[in-house]
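K.L.:
Let me begin by handing over the structure; questions about it come next.
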């Protein structure tokens, strides 16, 4: 009985934390107040300080996590809507996706080789550059753990969002499509959100790249896992 | 007051419509996942669902507006759906406390590589493909102009039909009627 009350409390806490952080960001547009940073942190801190058990936390909130599957399906609409753009630059987009995917996997693999992280972490790292719903599907192939993968994906998104602008300046990247593809391929949803702040076209391209990179990751993960192990 | 009530009713209708469409999406996602398990598919159900929906939209079997509201909502609130798995990392608290700093440093380096590498490659590629695109567009324009010229020439070289040639036909038709 008390367990289900704690579970319900956690669901309400998550919802309030999420929508409050969104409302806050609408008023105060500071990078460190972005919902992707503040919402998980606030909820995590509350759960830890109240000493709530993970299984209790998950008892109702797993319905929220289950929504990742319909959200993946919903990505069909942006692809359909932007079909003209895809027809216009098929080469740039597809090679951008391949390049982003290979660099993402390669850099994670190299990172694992250079540091000696425990296997739970290193296996969960491989899919970190694609959007969460795809990453959670793909991480099993590499032997990753869904929860750690979700956190590493989130961290990658935040890092990409924070370092993109100085990097573009240093590397002298000016075209909208290059910025969009790079953000979508390296920092998924957070990158796409950042790209839409830079410009509309950048945002659309970043979302498309994010979706295609995610699909490509899910489809090729078993192959790469076999290759790298 | 009246306008407020009107707006409110509109809002409720909108919310209900979103809820209905989202429920539809959930049902469809469940179907696809069940199918994926049933046929032992290596591709996850959600990606199968994405492909099916894209096909249905492209073949105009379902209208765009029947999925647009839910699609916008689901993609917009994506962060909410992955907060629970992120919070669940407290299971691995000790692990993260021990390796956190190394992890973040290494990820920073790796993300820099991906961002710069991809942006650089795409920048070069785009310049090439944009040129190709412009060339194609120019070729199309030239073709179009050629066709127009051909039509124009045909029209101009057509034997002139005077109104008197048409007149007898018209009277014949009137008689027939």
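Glycine is treated like the rest: Cβ placed from N, Cα and C.
A quick note: this is a predicted structure, and the numbers were derived from the prediction, not measured.
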K.L.:
Looking at A:127-147, A:148-168, which one is transmembrane segment according to TrEMBL?
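P.N.:
Spelled out, TrEMBL records transmembrane segment over residues A:148-168, not the other listed ranges.
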K.L.:
So if I exclude everything within five residues of the ends of the transmembrane segment (A:32-50), which remaining residues of that chain have a CB under 8 angstroms from its CBs? That is, six or more out.
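P.N.:
Residues packing against the transmembrane segment (A:32-50) from afar: 10, 13-14, 17-18, 21-22, 24-25, 57, 154, 157-158, 161, 189-190, 193.
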K.L.:
State the non-local partners of the transmembrane segment (A:148-168) in its own chain: residues 6+ outside its ends, Cβ under 8 Å from one of its Cβ atoms.
P.N.:
31, 34, 36-37, 40, 120-121, 124-125, 127-132, 135-136, 139, 174, 179, 182-183, 186-191, 193-194
K.L.:
Given a Cβ distance threshold of under 8 angstroms, which distant residues of the chain, six or more beyond its ends, lie next to the transmembrane segment (A:6-25)?
P.N.:
33-35, 38-39, 42-43, 46-47, 52-53, 56-61, 63-64
